[in-house]
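Everything below concerns the one structure shown next.
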């Protein structure tokens, strides 16, 4: 029997896969979706750059790429997250790696739930949702 959510880590960095599973599942359930089939791949810049170039025509690495094949309220899709980009973002935004990893994972799940970030108003709505979910999963560092 296959699992509805499969997580693959192609890097040497250790990840708390059970926490990532909980984050993705919670976001999608609370947005009104069930996971039919979802693959989450945590990779490096080299892999995500290749995917970005081949499938989206963008010749640069990015933090996340999401592909949705969903119909209705059942999620069928995949997302890729570059841990190199997550690390760069964490330094840029002066947050911990784990917090930024949660944010990008939430961001990916929100894309699967239909949220977009191409326009300013869409980006603001998505950032508000990210902040809402992030508060639940990240303990503020003091």
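One is the number of the first residue shown, and numbering goes on along the chain from there.
Positions of Cβ are set from backbone N, Cα and C atoms, glycine also.
With a 10 A radius on its CB, residue 111 (Zn(2+) binding site) counts 19 other CB atoms from all the protein chains. If you look up Swiss-Prot, you'll see 107, 111, 117 marked as Zn(2+) binding site.
Apart from the site residues 107, 111, 117, the chain places the Cβ of 64, 66, 108, 110, 115, 116, 126 no farther than 8 Å from the centroid of the site's Cβ atoms, the recorded Zn(2+) location. In the three-state DSSP classification, residue 117 (Zn(2+) binding site) falls within coil.
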